[in-house]
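K.L.:
Pasting in a structure now, in structure tokens, and then I'll have a few things to ask.
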Amino acid sequence: MRLIPLTRAAQVGKWAAAHIAKRINDFKPTAERPFVLGLPTGGTPLATYKALIELYQAGEVSFKHVVTFNMDEYIGIPADHPESYRSFMYNNFFNHIDIQEENINLLNGNTDNHEAECKRYEDKIKSYGKINLFMGGVGNDGHIAFNEPASSLSSRTRIKTLTEDTRIANSRFFDGDINQVPKYALTIGVGTLLDAEEVMILVTGHNKALALEAAVEGCVNHLWTVSALQLHPKAVIVCDEPSQQELKVKTVKYFSELEAENIKGF
């Protein structure tokens, strides 16, 4: 596992965007051989999306031959609802880059058959072989996507009940009213995420400190689903200083020295 210890959340966004752009450019994607990118929603990746848009506008990366798969979607709110994850992605990223509409893959939270929708999504991912890079965030309780504590570490895309903690955290997007936050969502599984060639998780803020500690220094544990990253051959965690407060000093020092060349300029 790589840990990229930075100082501020804005640096996390810029580092992650530069990393994604480099991966895409090194891959040299074509229509027949697209780069497959997994994407999250929420507050944490906003800085990354902003930086990626800037790189695109500067001509430093193109998304014309990039296929995307999003992590999750709420059940029970319209696709055009301002807080649906479809709306989030178009408003904060897709509308500002050259991605082709047919290359955007999103879960449908309004289908009548959730099981069939989840199978369709897994099959679509498999049709591309694999996801080359999956970016994600992490919840205060260590969940990745909507894989809440006690989720199976081999789980696939499925319907999940959201914990009260998650709904409280997400209520900030619903005028602070938890009753407006959906109780269920469709989400990729931990196993789906681990199938990706590379996984990059962004961690910012002191509220995520215990989750980062569990991911880096703890044991692999289904109560902290982010800890499953320890099983991945190519996992990267990009974090700011407030999120590092529960890590041992020697842990931060070790990774700071190891990644010194890679964090210069950020």
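Placed from the backbone N, Cα and C atoms, the Cβ positions cover glycine too.
Source: prediction; values computed, not measured.
Taken from Swiss-Prot, the feature active site, proton acceptor applies to D72, H143. Marked as active site, for ring-opening step by Swiss-Prot on the basis of sequence analysis: D141, E148. Feature annotation from Swiss-Prot assigns site 'Part of the allosteric site' to S151, R158, K160, T161, Y254.
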K.L.:
If one measures from the C-alpha of K160 (site 'Part of the allosteric site') to the C-alpha of E148 (active site, for ring-opening step), what distance in angstrom results, rounded to a whole number?
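P.N.:
Here the two Cα atoms lie 8 Å apart.
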K.L.:
Helix, strand or coil for H143 (active site, proton acceptor)? Use DSSP.
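P.N.:
H143 (active site, proton acceptor) sits in coil per DSSP, no helix or strand.
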K.L.:
What recorded positions in the list D72, D141, R158, T161, Y254 lie within 10 angstroms of E148 (active site, for ring-opening step), counting C-alpha atoms?
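P.N.:
Qualifying among D72, D141, R158, T161, Y254: D141, T161.
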K.L.:
For T161 (site 'Part of the allosteric site'), what is the tally of other C-beta atoms lying within 10 angstroms of its C-beta?
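P.N.:
I count 11 other Cβ atoms within 10 Å of it.
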K.L.:
Would you mind reading off the Cα separation of D141 (active site, for ring-opening step) from T161 (site 'Part of the allosteric site'), to the nearest angstrom?
P.N.:
15
K.L.:
Going by DSSP, is E148 (active site, for ring-opening step) sitting in a helix, a strand, or coil?
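P.N.:
Assignment for E148 (active site, for ring-opening step) reads coil.
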K.L.:
Measuring Cα to Cα, how many Å separate Y254 (site 'Part of the allosteric site') from S151 (site 'Part of the allosteric site')?
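P.N.:
Taking the Cα atoms only, Y254 (site 'Part of the allosteric site') lies 31 Å from S151 (site 'Part of the allosteric site').
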K.L.:
List, in sequence order, the same-chain residues at least six positions removed whose CB sits under 8 Å from that of S151 (site 'Part of the allosteric site')?
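P.N.:
In sequence order, H143, K160, G189, V190, H222, T225 meet the Cβ cut-off.
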K.L.:
Between R158 (site 'Part of the allosteric site') and D72 (active site, proton acceptor), find the distance joining the two CA atoms and give it rounded to the nearest Å.
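P.N.:
R158 (site 'Part of the allosteric site') and D72 (active site, proton acceptor) have their Cα atoms 10 Å apart.
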K.L.:
According to DSSP, collapsed to three classes, what secondary structure does K160 (site 'Part of the allosteric site') have?
P.N.:
strand
K.L.:
For D72 (active site, proton acceptor), what is the secondary structure by DSSP, using just helix, strand and coil?
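P.N.:
Assignment for D72 (active site, proton acceptor) reads strand.
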K.L.:
Measure from the Cβ of D72 (active site, proton acceptor) and count the other Cβ atoms within 10 Å, all protein chains considered.
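P.N.:
Around the Cβ of D72 (active site, proton acceptor), 23 other Cβ atoms lie within 10 Å.
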K.L.:
Distance between T161 (site 'Part of the allosteric site') and D72 (active site, proton acceptor) at the Cα atoms, whole Å?
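P.N.:
Cα-Cα distance, T161 (site 'Part of the allosteric site') to D72 (active site, proton acceptor): 12 Å.
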